[in-house]
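K.L.:
Feature table excerpt (Swiss-Prot):
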ACT_SITE  Asp298  active site
BINDING   His59, His61, Lys143, Asp298  Zn(2+) 1 binding site
BINDING   His61, Leu62, Arg63, Asn93, His302, Ala316, Gly317  substrate binding site
BINDING   Lys143, His171, His229  Zn(2+) 2 binding site
MOD_RES   Lys143  N6-carboxylysine
Amino acid sequence: MSNLVLKNCKTIDNKIVNIIIENGIIKDIKKTILPSEKETDTICDIKENIIIPGLIDTHVHLRDPGMTQKETWTTGTQAAAHGGYTTIIDMPNTLPATDTKKAFQEKRNIATKKSYVDFGLHAGVKTRQDVMDIMSEKPASYKIFMDLYTNKQLDEMFNYVSQTNKPLSLHCEDKTLVDYNIKTMKKNPLNKNKTITYSYARSALAELIAVNRAIEFAKKYKLQLHLCHISTRQTLELIHEAKEKLNISIEATPHHIFLDNTTYERYGVKAKTNPPLRDSNYNITIDNLNEFDSIGTDHAPHTIEEKEKDTWKSAAGIPGLETALKLLLTEVNNKRLTLEQLVKLTSTNPANIFNIPNKGKIKKGYDADITVINMKETGKISIENTYTKAKYTPFENRDYVGSNIMTINRGNIISQDNDVYKYDSKYIY
């Protein structure tokens, strides 16, 4: 691996530095470049654009294996590199689900060949033996979709994971209430083409009940919880009370931060997601971000055909890898978010929560994962010229100010000027 010097980098505290990269690792951070380094290394002039640690997305659905019509490890990680991400962690709900050692190994082999960024895998929860067997493969966490299981099943699954010392990532919606609401609302044929009805079926109360149950199980089994895509202010209040005594981290998604259920009027079923977009009585906004520990895109791509069905049959999910950073940098320019907060939420904290070694900081000895941003670049978000297979976004035509212009993964430039480049990716554990 050739060495690289990043010249004239502006840090988030407005210092101009040069970063010396050797064998994919940050060797040094200096104010000047030594003559020997000028002669032997590749020099890349950053031109006083701002550098931040490469973004880490701990919540993506790359659909590979089994659903490659939606996304693949190639297209999904190209989208990640293009969006400023250097590390992603994939969710287990592929076909087959990543809930056995064999399925875990098969997915990792696919990712190793195809991925444009470094990666980890969350494991599903099946039997106790499967949970124990997967431990040798070093999963980032175990993941449970609470809306798919009964209380008895959840109790057993929490128990299994408690024996691993791994985090438990949770999708928090109450199965009984969601099933009842959907069954009731389906009886009215007028609801078939009203996407907003879906948000009432998967109600704020369903999230609150599930989170409360998760907290009680965490007390019982002494687990580290990572609560994915929390979507209501009321749930946040409950979690913060519990955080005083329990090890809990909270994730926000860009679509829950920047959208509400009025989006359904403009965008219909293409904005359908789980949990759904909330109304103003419940929804979180950029002003609530200081209450969260991390931002995950919940990048959940589908085909246009799968999205353009009626309210109940349309696939739920929104792509986010190529829009998230633009949305967040716009809020930095709007003075509603600081770069320090952005770095914590998208890099430092995700690395800490999931114990990812040598990532999340621009620091001597760490992986040279760096995202270069131009805070003055302007434009409109468009699905054109994106790498994801999911050719839709509820942020279409939204103005942005600030964008990533280069992504560097372990000293390799993997994205620049809207192009992406492949180098050897690695499993992060």
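Glycine too: its Cβ is placed from the backbone N, Cα and C atoms.
Note that the structure is a prediction, hence the values are computed from the model and not measured.
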K.L.:
On a C-alpha basis, identify the one among His59, His61, Lys143, His171 that is nearest to Gly317 (substrate binding site); the candidates are the binding-site residues.
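P.N.:
The answer is His61.
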K.L.:
I want the residues beyond Lys143, His171, His229 whose C-beta is within 8 angstroms of the mean position of the Zn(2+) 2 site's C-beta atoms, in chain order.
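P.N.:
Apart from the listed residues, the neighbours are His59, Met91, Ile144, Phe145, Ser169, Leu170, Cys172, Cys228, Asp298.
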K.L.:
Relative to the mean position of the Cβ atoms of His59, His61, Lys143, Asp298, the recorded Zn(2+) 1 site, which additional same-chain residues have Cβ within 8 Å?
P.N.:
Val60, Asp90, Met91, His122, Ser169, His171, Cys228, His229, Gly296, His299, Ala300
K.L.:
If we count other C-beta atoms within 10 Å, could you say which of the binding-site residues Leu62, Ala316 has the fewest?
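P.N.:
Output over binding-site residues Leu62, Ala316: least Cβ neighbours within 10 Å is Ala316.
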K.L.:
Can you tell me which of the recorded positions His229, Asp298, Ala316 is spatially closest to His61 (Zn(2+) 1 binding site)? Compare CA atoms only.
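P.N.:
Among His229, Asp298, Ala316, Asp298.
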K.L.:
Please identify, among the binding-site residues His59, Lys143, His171, His229, the one with the smallest Cα-Cα distance to His302 (substrate binding site).
P.N.:
His59
K.L.:
Any same-chain residues 6+ apart from His59 (Zn(2+) 1 binding site) with CB under 8 Å of its CB? Would you list them in sequence order, or say none?
P.N.:
Ile89, Met91, Ser169, Cys228, His229, Glu251, Thr253, Gly296, Thr297, Asp298, His299
K.L.:
Do any residues at least six apart in sequence from Arg63 (substrate binding site), in the same chain, have a Cβ closer than 8 Å to its Cβ, and if so which, in order?
P.N.:
Lys70, Glu71, Thr72, Gly76, Thr94, Pro301
K.L.:
Within 10 Å of the Cβ of Lys143 (Zn(2+) 1 binding site), how many other Cβ atoms can be counted across all chains shown?
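P.N.:
So the Cβ neighbour count for Lys143 (Zn(2+) 1 binding site) comes to 27.
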